[in-house]
Structure formats: structure tokens, C-alpha cells
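> Before I ask anything, let me first share the structure, which is written out below as C-alpha cells.
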Amino acid sequence: MATTGRVLLLSPPSLSSHPEKLNAILKSHTRDKTDLQMLDRLAHGLVSLPESTYDIVLLLTGADNTLAETHSLLNRELIQRVVHSLRPAGKLRNRENKPWGLSDGNGSNANSSRRYNDDEQRFRNEVILAGLVFDDKGELLKPDIGAQQAIPLKLSRRRKEKEKTDTLASSANYSTNGTVGAPSSNGISAPIPAAKTTENNPVPPGVGFIDFSDDFGVPAEDDPQDSDEELIDEDELLDEDDMGRQIVQPPECRPKPGKRRRACKDCSCGLSQKLEAKDKAKRATADKALETMKLGSSELAEVDFTVQGKVGSCGNCSLGDAFRCDGCPYIGLPAFKPGEEVRLLNNDVQL
């Protein structure tokens, strides 16, 4: 089967054990324009296909001369890669070059009435989802989207000028006394009484006005059309029983075990306000506890160790805090020998 353009042969792995069949297939194609790839290597990602390269992709049959093995290996990702390797207007064919018989199922093809297995049905759905379509011959074709061009529609200049002239003439022929001038055969304009205009439509022909009565800027009391409508008070829609009814918390707002309850961003069940009030109460309690721990200037006792001759009354100042009295000036200092000089360096006691 001689073909023009670049051809990609997709072979199932079972065909590799029959080199005589594979060589016979390769002899029917031009070798410099034909590429051969194994479906199992493509499925495992060991090789890749170039995009928009091949005019025809040919699915080869397996060792049993059926496409069952080929269909089982063609998954969704692999089919999309095969479709991307096709050029626009490229075709996906089988080895026998027979119509797929899956285009419409109306009996036009010989194979359209048979029952397909799961792999064939899945293959049909996947190739359609990948972007292939059936042509008139029942072959799978990649549509050429670039060939479709949008043609802008433009009104002719003469038509625009004619419409403008007709509008101006209609406005000019309308007179103030309610008559319309109609040209006669002798060129003299004869007055023709115009149709009586009603109060609902006092608009001359060919002239349009915009009705702003439906705008939101018109107050309700000034709009005669909406004056009879009854206004509903939102507060009357809920009674006391509805206001006192317990709020049902949605499942998504319920906290999971071991986690703190959190409100949604657009919370409408009251959880956000409840958590905010609880946080404020905790913060106020903590601030109040801190205030009780603060000492005033009159409550602070300053111990001056530089004053000479200042000794404790118990005589146990050098033994440590365990032996010192409550008013001992050496509280907080380590034990020392009587008469030893005590120095402070960087707020640390140096004995």
C-alpha cells in the first residue's frame, strides 16, 4: 500500500516476534518517509512523538491479525499524543485500510451494525474526545482548523446612504399641522391628512424616543406604574419564634476532633460572631490578670548595697536566702563569707 506524505506505523509488541510480517509491512511503504514505533514503548513514555509531523498514522494488527491488542494499549494519554503528531487533515487508519464503521451507525457501513467490545467502544470515544472526526468515507480525520477563516460582514455603502436619505426625507415631510406631503405625478406636493395620533403614541413616524420610566433612578412615589405595588417589610418576614429558634450549624462548619473551631470566610450561621466574642472575653480576662500583677512605685522596695554599715538584724545574711529574714537587704544574693567584697558586673554577682 503506497502512500504519500510521512507515515507513522504503530505496532503492538506481539508483532515484534514475527519479523517476517513486520518486514512485509515495511516493504509496502517508502522507508525514508515511514517511521515505526512500538505501542508498549510509547505507553511507558520511553519514546516521544513529534507534533504535527505525520500525514497518516497506521495502526497495525497483532500476531492474531486483530486490533484487540492495539486497542487495549491505546489509552487516553497515548491517543492524545498520537493525534498531536498528526498534521491538520491527517488520517488515522488501520492496517487493512478499511472504514472504521463507527461514524453514524445508520447502516451505511457494513461494520456499523456489529456489536463492539469494550476496548473498541472505548477507542471510539477516546479518538472523538481527542479531536478526530469521521469523514464521508468513514475514516478518522484530524480537522484543519486553520483553514477556517472568519469573513466579516459589511453593509454596502449605498445601502447605508439610502437608509439615511429615507430617514431624513421622512422627518422633513412631516409638517406641523399634522399633514404629510406626498409628491404627485405633476411634481406638486399634495397634503395628505396624517393618521390621528393617540395620547399613548404621539410620536411622528420615523422618530424614536427612549423611555426612562423603568430606570432605577426614578423614585417609587414619582413613578405612577409602581405606586400601586405593596412594599414588604423585611422585619415582618420573621416572627419571635423564628428569631428564638436554634441555629443549625452546617456540617462543614463543625470542628474536627482535636482542632479549634474556625468560621468560614462568608459565615452566616453566627459562628464568626460567637468566636469573636469569646476571643474578646479571653483577652479582657488576660488583661485584667496582668493589671493585678503590676506594682506601683510606692510598692517597690529599693535595696541599696552601697550604704555602709547596713546589716541584717538576724546575723544570718551570709548563709543564704534560706536563713535570711524578710527584711534582709541581701535577699536574692548568693551565700558569701562575712567581710567578702561583692561586685556586680553586667548585672551578675561576682564574689
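Cβ from N, Cα, C; glycine included.
According to Swiss-Prot, the protein has these features:
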- 105-114: compositional bias 'Polar residues' (COMPBIAS)
- 167-186: compositional bias 'Polar residues' (COMPBIAS)
- 314-328: region 'Fe-S binding site B' (REGION)
- Cys314, Cys317, Cys325, Cys328: [4Fe-4S] cluster binding site (BINDING)
- 314-317: motif 'Cx2C motif 1' (MOTIF)
> For the region 'Fe-S binding site B' (314-328), find every same-chain residue at least 6 residues outside the stretch whose CB is under 8 Å from a CB in it, and list them.
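For the region 'Fe-S binding site B' (314-328), the sequence-distant neighbours (Cβ-Cβ under 8 Å, at least 6 residues beyond its ends) are 334-338.
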> Indicate the candidate from Cys317, Cys325, Cys328 with the smallest number of other Cβ atoms within 10 Å of its Cβ, considering only these binding-site residues.
Cys325
> What is the three-state DSSP composition of the region 'Fe-S binding site B' (314-328), stated as helix, strand and coil residue counts?
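DSSP classes over the region 'Fe-S binding site B' (314-328) add up to 3 helix, 0 strand, 12 coil.
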> What mean pLDDT score does the motif 'Cx2C motif 1' (314-317) have in the model?
73
